[in-house]
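Remarks on the structure that follows.
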Amino acid sequence: MGVGEAVIFLGPPGAGKGTQAARLSAELGFKKLSTGDILRDNVARGTPLGRQVKPIMDRGDLVPDELILALIREELAERVIFDGFPRTLPQAEALDRLLEETGTRLLGVVLVDVPEEELVRRMLKRAELEGRSDDNEETIRRRLEVYREKTEPLIQYYEKKGVLQRVDGLGTPDEVYARIRAALGI
Ligand code: AMP
């Protein structure tokens, strides 16, 4: 046991986690496990889960931990990059247990740091390009509030464990990507 490896991408909505996680997972041969993407796919297909979470996502609130943890257990792979998970302390604690049980080593937690004005600008631009229904100004404000309240405490949680890598998320995608690889040393 103990052959698995995992990386976590942490950071506010709009920081570019998804883009960077996609590139890193493709280049390293890791599975990208994005809870937001899985939920959006369920909403698009109109599954029972999708119908349940759509109003929550449209408000910018978080989906209950139990639902998210069930998804994670289903989708876990040996080499995985988590994008947008964990987002609450109970999720982080559950992930610790899961990694322990499966003998998976946490290579690092990347915090993609971007100032708030820039986050809003990026999300409004993404709204034009991708038409995500939660990329409107009101929901964006709510998502940032939820991030500060529920997810920001994870920064300290992982800092205490000595696994947090802060990366400046401003600049071109290539620049940010190079910083991430350097920070993780992979
Ligand atoms: P994202 O694409 O990561 O910004 O996620 C979009 C939305 O999906 C969030 O605003 C939440 O409603 C929901 N969501 C995604 N990941 C999680 C998670 N780990 N815990 C709770 N809700 C989540």
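Quick reminder: no glycine exception, Cβ is built from N, Cα and C everywhere.
Here TrEMBL flags Gly14, Ala15, Gly16, Lys17, Gly18, Thr19, Arg126, Gly171 as ATP binding site. TrEMBL lists 34-63 with the feature region 'NMP'. What TrEMBL lists as AMP binding site is Thr35, Arg40, Asp61, Leu62, Val63, Gly84, Phe85, Pro86, Arg87, Gln91, Arg132, Arg143.
The 6 Å Cβ screen around ligand 1 retains Thr35, Val63, Phe85, Arg87 from the binding-site residues Gly14, Thr35, Val63, Phe85, Arg87, ordered by sequence position.
Cβ neighbours of Gly18 (ATP binding site) (same chain, under 8 Å, six or more residues apart in sequence): Ser34, Gly36, Asp37, Asp83, Gly84. Arg132 (AMP binding site) has its Cα within 10 Å of the Cα of these binding-site residues: Arg126, taken from Gly14, Gly16, Lys17, Thr19, Arg126, Gly171. DSSP gives Arg87 (AMP binding site) a coil state; it is part of no helix or strand. Averaged across the region 'NMP' (34-63), the predicted model reaches a pLDDT of 98. Cα separation, Gly14 (ATP binding site) to Val63 (AMP binding site), rounded: 18 Å. Across the structure, Arg87 (AMP binding site) and Lys17 (ATP binding site) are spaced 13 Å apart at their Cα atoms. Neighbour counts of Cβ atoms within 10 Å were compared for the binding-site residues Thr19, Thr35, and the top value is held by Thr35. A simple way to gauge crowding: the CB of Asp61 (AMP binding site) has 17 other CB atoms within 10 angstroms, across all the protein chains here. Across the structure, Ala15 (ATP binding site) and Val63 (AMP binding site) place their CA atoms 20 angstrom apart. Within the set Thr35, Arg40, Asp61, Leu62, Val63, Gly84, Phe85, Pro86, Arg87, Gln91, Arg132, Arg143 that the record links to AMP, no two Cα atoms are more than 25 Å apart, and one pair reaches that distance. The most densely surrounded of the binding-site residues Gly14, Gly171, judged by C-beta neighbours within 10 angstroms, is Gly14.
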